[in-house]
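Taken from TrEMBL, the feature compositional bias 'Polar residues' covers 1-11. Annotated region 'Disordered' per TrEMBL: 1-38, in sequence order. Taken from TrEMBL, the feature compositional bias 'Basic and acidic residues' applies to 13-23. Annotation comment: TrEMBL describes 26-35 as compositional bias 'Gly residues'. Positions annotated as transmembrane segment by TrEMBL: 47-66, 78-103, 115-136, 142-162, 169-186, 192-209, 230-248, 268-288, 295-316, 322-339. As annotated by TrEMBL, domain 'Sugar phosphate transporter' applies to 49-338.
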Amino acid sequence: MSTHGSYSMRSKASFENEGKATVKESGGGGSGGKNGKTMSSNSKENLFICFLVTLWYSSNIGVILLNKYLLSNYGFKFPIFLTMCHMSACAVFSYISIVFFKVVPQQMIKSRSQFMKIATLSLVFCASVVGGNISLRYLAVSFNQAVGATTPFFTAVFAYLATLKREAWVTYAALVPVVAGVVIASGGEPGFHLFGFVMCLSATAARAFKSVLQGLLLSSEGEKLNSMNLLLYMSPIAILVLLPAALIMEPNVVDVTLTLTKDHKSMWLLLFLNSTTAYAANLTNFLVTKHTSALTLQVLGNAKGAVAVVISILLFRNPVTIVGMGGYTITVMGVAAYGETKRRFR
């Protein structure tokens, strides 16, 4: 793939040079110069998209691996407090990027009704993130990603229950391997943990429910928010919910964190890096969505999960079986088929 990509880059550059040479020889040829500028612009755009995708992969995979390392390998067993750190970073960095750097225009909350809808979304969002982080304490990243790949199944179920609108039968048929793959992967998972599995499944369902709920609650033109502005307003609400929850459900979090900081000088750096990466995952997801097509995003998303699985296995050395990997492969293929049928039969 990289060889083909570099070949394309070289051919574009040589084409541009040939266009410039033709202009010089003819003594005019304004259109040739424009073609050269167009090719150069396309090359820069492609490089920029590649850079964004690299950042998107790095931040998404990085936050999962850092979560796993902190919660399972480092002794920091406080998923609610960790999620609060993520939301704090998202609140601060969202404000800076929108208000000061103008990454996107700031959209204001226009009514109490809109605020209540955002607060509801924030609660569901908290549940999905906390559930996912809790599951990482008990499950390998590879199996966590396999279960997380079933999001389209829950999205289809919630969308039907909420709107009673049916998709084409082919679309529903594509969901069969999505579920079947996870069932197979569960049977072949050496480190299967029931509570971790339930939390991961709940987090996946909550993530799907949030996307459906967002489409319903913020459907009018006056209330629609882009994902970055939505994150700006959801994050502070999430902090207000997560802070008392962490103090009540994780009462020794402060003492343990201070103790870990004394034993490991890099503790605060890890927490800061982890929280910053969580925001970067949201930002790059927004930018990649903005600069690519829905189909490209779907393909990249499926590949991202597979890359995360491979890297986690190499880093954490968690045992995997052929049955487990086969189940995950079936799930990813089902997700790809579901996305394709949605695109064709919309």
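Backbone N, Cα and C atoms are what each Cβ position is placed from, and that goes for glycine too.
Computed from a predicted structure; not experimentally measured.
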- Spatial neighbours of the transmembrane segment (268-288) far in sequence, C-beta under 8 Å, 6+ residues away: 49, 52-53, 55-56, 59-60, 62-63, 66-67, 69-70, 74, 82, 85-86, 88-90, 93-94, 97, 103-104, 226-228, 231, 261, 297, 300
- Item | Outside the transmembrane segment (230-248), six or more residues from its ends: residues with CB under 8 Å to it | 78, 80-81, 83-84, 87-88, 90-91, 94-95, 98, 106, 109, 115, 118-119, 121-123, 125-126, 130, 214, 218, 282
- Recorded stretch, among 47-66, 78-103, 115-136, 142-162, maximising Cβ pairs under 8 Å relative to the transmembrane segment (322-339): 142-162
- Query: Which of 47-66, 78-103, 142-162, 169-186 has the most Cβ pairs closer than 8 Å to the transmembrane segment (115-136)?
  - Reply: 78-103
- Task: Determine which recorded stretch among 47-66, 78-103, 142-162 has the most C-beta pairs below 8 angstroms with the transmembrane segment (169-186).
- Result: 142-162
